[in-house]
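Here's what TrEMBL has on this protein:
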DOMAIN    53-126  domain 'PA'
TRANSMEM  151-170  transmembrane segment
TRANSMEM  198-222  transmembrane segment
TRANSMEM  228-250  transmembrane segment
TRANSMEM  271-288  transmembrane segment
TRANSMEM  294-311  transmembrane segment
TRANSMEM  323-343  transmembrane segment
TRANSMEM  384-404  transmembrane segment
TRANSMEM  416-439  transmembrane segment
TRANSMEM  445-462  transmembrane segment
Amino acid sequence: VAADEGILHASGNGVPPVTKDYCIIYNSNWVSLPKSLDNATFSPLENLTSTVLCNSSEVPSGSMKDKAVVVMRGNCTFLEKARIAQSSGAKMLLIASKPRLSPLSDNKTDFEDVTIPVALIRYSDIVDMQLALGSEVNVTLYSPPLPEFDYSMVVIFLIAVFTVALGGYWSGVAELENLKAIASPGERETRRKKEENVTFTPVTVILFVVICCVMLVLLYFFYKWLVYVIISVFCLASAMSLYNCLAALIGEIPFGQCRIACCNKSIEVRLIFLAAFCIAAAVVWAVFRNEDRWAWILQDILGVAFCLNFIKTLKMTNFKSCVILLGLLLLYDVFFVFITPFITKNGASIMVEVAAGPFGNSEKLPVVIRVPRLEYSASTLCDMPFSLLGFGDIIVPGLLVAYCRRFDVQTSSSSVYYISCTIAYAVGMVLTFVVLALMKMGQPALLYLVPCTLITSSLVAWRRKEMKKFWKGSNYQVGWMP
């Protein structure tokens, strides 16, 4: 549909003339619209929305001559309307639609004798045009090409790199506290109770990837029901993650530490308010999740908190586990994007279908960072298109960055692994965007992020002659675990 989106440029007769742009949907196989307003030819708009133009007798004689005519969508085909309008001398035909705009389709050969532009426009836009520009309006059609680059990708890049870098750093801070607790027997038991980390071994890594594969296939076949399960899980997990992230910040503030006693426990009042705030944020998103104008901001905040908490909480025991996890998920990504089109009946990839909502489902999975397109185009008029980055493209490389940061803490290596891996992640993201712009199609980001981060980490370890230690990891955890 994107290739058949265009712009109706309307101009009033005031001084200076007031202009406004509206979305149109046309079929590029029927007519070719100019790419800009340069040397554009305007036609006066004739509002005939009182008729559907299924019969030439419905229109007064001479009312269409040399005009852009707008009629209502009816039971007859676009071809019938176009032939009547063309035979009456109209310069273009606009068909107003009250339902959602859809692609124009008809037999191409039937339109060989139709030479005037035919486009679909929202009825609400026709009403707005009359109110904003008056009764005398001149219009023209054009279809500017989509921009090669959109600045929303810069925002996506900054969010992703910030989340990975901060998640890795936070994991290093937790690691340093663990080491201090080990060195001090008096703090060891207290630290154990606070510790909420989950350790990934090679076996659990393989099990995790298998679960991911099964879940994706189940979503493809049972999306209509499972999407609401994923939404519920996201609300719960993101609220808890947001609480953990903000609680870590609040814990550094030495004010407002008053407590209340409840069930033989002492709880800080500010943490109770924080919990209520985080739950409210998740509930507000759940209720207004389909409000494209602002709900994406809340989804991104909750998503960043979810990724941060995941990176900090889930610990890779060694570089070997990281290689297995990133390698398997790279194969998973490539298989479900590039290979499954040869398997599915409609020739679409399972990954793309699930991300877009298969079978036209309006509910979308909340597992992506979303930023609306910032460059003005026909797409931004017709809809609110978004640039997307999956949580997995942040979390999976982020786990390697976190391991590098913890290894830096364990070996006192001045953050060289952490900084190198973070820079490699940023380079991988840039490479992803470059290929995306060149290929004009969605890309599995892990295809570029995984090699960049794994190769860079390996080179740093090899250069510092620490590959064996880096591969096996520190076994200090075994020494203090019960």
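Quick reminder: no glycine exception, Cβ is built from N, Cα and C everywhere.
Listed stretches 228-250, 323-343, 416-439 were compared with the transmembrane segment (271-288); the greatest number of C-beta pairs under 8 angstroms is found for 228-250. Summed and averaged per residue, pLDDT over the domain 'PA' (53-126) gives 82. With pairs at least 6 apart in sequence, the transmembrane segment (151-170) and the transmembrane segment (294-311) have 3 or more Cβ pairs within the 8 Å limit; the two touch. Against the transmembrane segment (416-439), stretch 151-170 shows more Cβ pairs under 8 Å than any other of 151-170, 323-343, 384-404. Against the transmembrane segment (198-222), stretch 323-343 has more CB pairs under 8 A than any other of 151-170, 228-250, 323-343, 384-404. Residue counts for the domain 'PA' (53-126) under DSSP, split into helix (H, G, I), strand (E, B) and coil, are 21 helix, 16 strand, 37 coil.
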